[in-house]
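The coiled coil annotation in TrEMBL covers 9-36. For 206-601, the entry in TrEMBL reads domain 'UvrD-like helicase ATP-binding'. TrEMBL lists 227, 228, 229, 230, 231, 232, 233, 234 with the feature ATP binding site.
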Ligand SMILES: Nc1ncnc2c1ncn2[C@@H]1O[C@H](COP(=O)(O)OP(=O)(O)OP(=O)(O)O)[C@@H](O)[C@H]1O
């Protein structure tokens, strides 16, 4: 036991007493605020529901309602604040802090304790500092000696005299030690040695120096993080979100942050991290979900579907076309295409009302042609839209006196009529008896409602046929690149064919959306302040550019690991940064490279690194375990062997995953294991949650996830014949925290044979 532990425990006890006191007060205040809210709300409902029936009181009621509303808003806010205080104190109580730094500022010595949130005593002194406070940075960044931290007046120098770490549970110090490391190895060893559960944990107590740079970067407009598997990229960005929310509490809320995640399982895997830090989760979406939402009615191919359909079945020709569609330069090609569109090559589409053409495409073409070509196509389209809206209004005005409209009004009951006019107007009418005017207003509103579909179609610019326009673009590309003309035309044919089934290839989604937005000038969401893209290596430049276009006000953090690419060649971090900086037109780009892998044991990382041509750059955190094992079997023995391995691993480990190359293979394994006593969960791309500790799934679906033990199913030469699969095997191996077992049905892949020294090999029957 550390000599200071009793003294520290005494201090901890005092802090806990203070927390208990504050918690009690906060609970009382919350209860009071809660009942006040209920009372005010009750009063508000009673007031509003009585007075609206008294016509004479209408005006007064409005003012009163407004006043009542303000009161409700105020008391609700107080209630929310009190609830948050109760939640924070409850969260802190079992483990109020995890670190202490002693600093000397020009002779003034002070001990600061760092925890998940701040606690102040009655006199305003900090008993605990929030880990995100500027001064807390010292805990993560400094080694003993000279340090500095940011203050509103600039950097403040200090001398760091001591750094102490605690493991506290149930308000008792379990362990503590002093360290000179940034954050000591012992604590990290302990954290990494834990068994895994179904959800990710926060790393707040053991954030490493280079991760801290990611978390505390508030200046870059583009932050690129290249980090090897298990280097804590995902952990760091979640901490970063908590940090950003803390630092811009007034201006930023969780809804203004969106994370593009690799799959739905990942979303639920990380869902507990921010709440465990006392913050609300940001929005999360997968790329396919995002595209599908913007291309309503079309099913956008996912990356996994593309992978499952197999690279091999795609011809060289379509690969070349695909490469162009996925490159950043596609935006220039689309812009050039749009600029050369004419009234006749723009694909206008009829707007229908109850099966009849309301505005014909011919009329639109004529209208568009009236505007000078000095204006851009986008401007002319917007002018056309405006004109069509005017025409709709004129048509409505002309119909106001029609008999059928008056008849329709006569058939409305009182309430419907009132709804149409709105309460206020209905009351004025009743008082002033200006029936004539009222009927005109009612007729107009009635017609506006009737023609709402037309109005919506105009507003949303559904008056041109974006799909065929995009088909034309593909044909236009044939002319731009004569050598490959037929490839473009066959791409166009495939596009139109797929369209009939309401499907669209992944590579077409970003260019088609770009095309739509270039023509309409829409598609941007300025309310997002931060966009995070995880697994950046699986995004094309065209897709990233589209995200940049869709969220013009956002700062971007893109992170990933080039080595884990599903399709692409590995790129150096510097090349990546240069590419992204140019594409994003970033003025303050920043690149952070993480080379230290924390997830897996040393032996697992030794194997994973050896698979890669440049794996030497990866440093494994020193945490010893067993060598990964390779079992070679045959088709008749594989089921028993697989079960034997699962059974052995589950004795020592909490989560065990069998990872396969494809979904059909995962299904086959799942069926194979049905006769054994344990139940497995078979996971597929549409699944949102993992409910079992024993799972079977394809490797690409396990991206971003981790398990105590991993079994790589069928790493044979037949399954992994060439070096293209290196990234997959590396991803597979690096999902394992403590144990990795490989099973090969028949001769093992040469990729693995080359690194057999890193494995413990068991041939048939051993
Ligand atoms: N500073 C840290 N303290 C404690 N644990 C850490 C730290 N950094 C990383 N880890 C642990 O290492 C594992 C890997 O982290 P994470 O999933 O964030 O890495 P990643 O870089 O996103 O991995 P991948 O690219 O392989 O999906 C997690 O279990 C995480 O808790």
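Yeah, the Cβs are placed from backbone N, Cα and C, and that goes for glycine too.
Only 230, 234, in sequence order, out of the binding-site residues 228, 230, 234 have a CB under 6 Å from ligand 1. Secondary structure from DSSP puts residue 227 (ATP binding site) in a beta strand.
Residue 232 (ATP binding site) carries neither a helix nor a strand DSSP state and counts as coil. Taking the Cβ of residue 232 (ATP binding site) as centre and 10 Å as the limit, one finds 23 other Cβ atoms among all the protein chains shown.
Using the Cβ center of 227, 228, 229, 230, 231, 232, 233, 234 for ATP, the list of other same-chain residues with Cβ within 8 Å runs, in sequence order, 561, 594, 597, 598, 599. Averaged over the domain 'UvrD-like helicase ATP-binding' (206-601), the predicted model reaches a pLDDT of 88. Cβ neighbour count for residue 229 (ATP binding site): 24 (other Cβ atoms within 10 Å of its Cβ, all protein chains included). For the binding-site residues 227, 230, the ranking by surrounding Cβ atoms (within 10 Å, all protein chains) places 230 first.
Long-range neighbours of residue 228 (ATP binding site) (same chain, six or more residues apart, CB within less than 8 Å of its CB): 561, 563, 594, 595, 596, 597, 617, 618. Long-range Cβ neighbours of residue 234 (ATP binding site) (same chain, at least 6 residues apart, Cβ-Cβ under 8 Å): 200, 270, 534, 559, 704. Residue 233 (ATP binding site) is surrounded by 25 other CB atoms, counting those within 10 A of its CB over all protein chains shown. Around residue 231 (ATP binding site), the C-beta neighbours below 8 angstroms that are at least 6 residues distant in the chain are 561, 594, 595, 596, 597, 598.
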